[in-house]
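Here is what TrEMBL says about this protein:
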type	residues	note
TRANSMEM	38-62	transmembrane segment
DOMAIN	53-357	domain 'G-protein coupled receptors family 1 profile'
TRANSMEM	74-96	transmembrane segment
TRANSMEM	116-134	transmembrane segment
TRANSMEM	155-175	transmembrane segment
TRANSMEM	210-230	transmembrane segment
TRANSMEM	305-322	transmembrane segment
TRANSMEM	342-360	transmembrane segment
Amino acid sequence: MQMTVMATASPQHLWDDFRDAGQRPEEEEFLSSLETTVLTFFLSVIIVLTVFGNLLVMVALCKDRHLRKKKTNYFIVSLAFADLLVAVVVMPFAAIELTTGYWRYGEIFCLVRTSLDVQLTTASILHLCCIALDRYYAICCQPLVYRHKMTPVRVAAMLSGCWLIPTFISFLPIMQSWNTIGIEDIIKNRQSSGGGSNDTSCVFMVNTPYALICSAVAFYVPLALMVLAYQRIYVTAMAHVRQIETLQRAGSAPVTGSTPMITAKSSATSDPLERCSLRTAASSSTEQMPMANSRMRIETKAAKTLAVIMGCFCLCWAPFFITNVVDPFIHYSVPWQLWTTWLWLGYINSGLNPFLYAFLNRAFRRAFLVILCCGNERYARQGSFSYGHAHRGCSATSVNGTSMGLRLSFLPNRSYSDNGRPLPATELEPADALRPL
């Protein structure tokens, strides 16, 4: 009885197995095709947005002369150029290799592509570090004489370093194969396990010395400098808030008297900005509180901005560089899928930079609207310094949409000097380095 059941059941099971075996390859092929399509679309969106954002930043600086007057913006446009090259030169080849599963451009171009990858991503990170140092120098160290300290020569030297330093950890060691010394057998095994050769696979592995040096230069040292710079900027912002509160509680802030406002003064020029002078504005006690609250909001927003900048930077690049250091010590056991995820997360940072450093800046937004609306000037304000209202007294507001007297307008005295020398107000550096939003 039992044998009969088994005999009659076996053909049915065999037919089910045969039918499932015929359907499974079709399902797997469909899923593989669907995954490839979704992945291709996702990577294409990243590349297009990165190209568009960074290109728009560069065009805005070229077309808007007010943006070209601020030294910090040269770091931003150089950062945009580095990120644009990442999107044009590095990302497309990485996307093709990821979606097709093999490298089709030969061994030499594999080395060139890898060198460009390290060169450009490191340059992008170093630009972020220079922007942080520029803001620190303007806000915390010598804010009154920033324009004299941050000379064009120094700016050019910093920008040159952002492009030249990465060469020593990219083209020089990679083209000389210094990064593969001692791990040649591991690389060959990795290529053979992938079913490829030097011409059909682009395997980039690094030995321990290269991993440590490259990671330190490209990430850990810039990260430390950025943390220190932004920490000092945050402390300065919070000190501003405490100073306002102290002056208000002690009654030192003028209530029915006058409030000193920082402006520029010069009688030798026709520039409306330069014709503005130090003036006093009558204010009542009811007007002082909204002014202080406004400044508190500025400081709070500045702190949030710094947190967003550092958070995005660490989120995008920390996983990759932590893995880069750890992998040689665990016998290169990190799966390639994890490597690819961390690498593209770092690439995404090149697409976020325009939003963090330019798109959220009022002056850049104004320039973007003019460009995207085909030069329609009604989207552009008359100027960050109220050029259209020259005969009105200049207030302590804006350079690129931020408070010009952010650091000094809180002080009770009306005399500002540098080493005992009265400081012309034309030397004051606007504090929008503190608040890019």
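Including glycine, each Cβ sits where the backbone N, Cα and C put it.
Spatially, the transmembrane segment (116-134) is not adjacent to the transmembrane segment (38-62); fewer than three Cβ-Cβ distances between them are under 8 Å for residues at least 6 apart in sequence. Using a Cβ-Cβ cut-off under 8 Å and counting only residues 6 or more beyond its ends in the same chain, the transmembrane segment (342-360) has close neighbours at 43, 46, 49-50, 53-54, 56-57, 60, 76, 79-80, 82-83, 86-87, 90-91, 94, 121, 124, 128, 131, 305, 308-309, 312-313, 315-317, 319-320, 323, 368, 436-437. The average pLDDT computed over the domain 'G-protein coupled receptors family 1 profile' (53-357) stands at 82.
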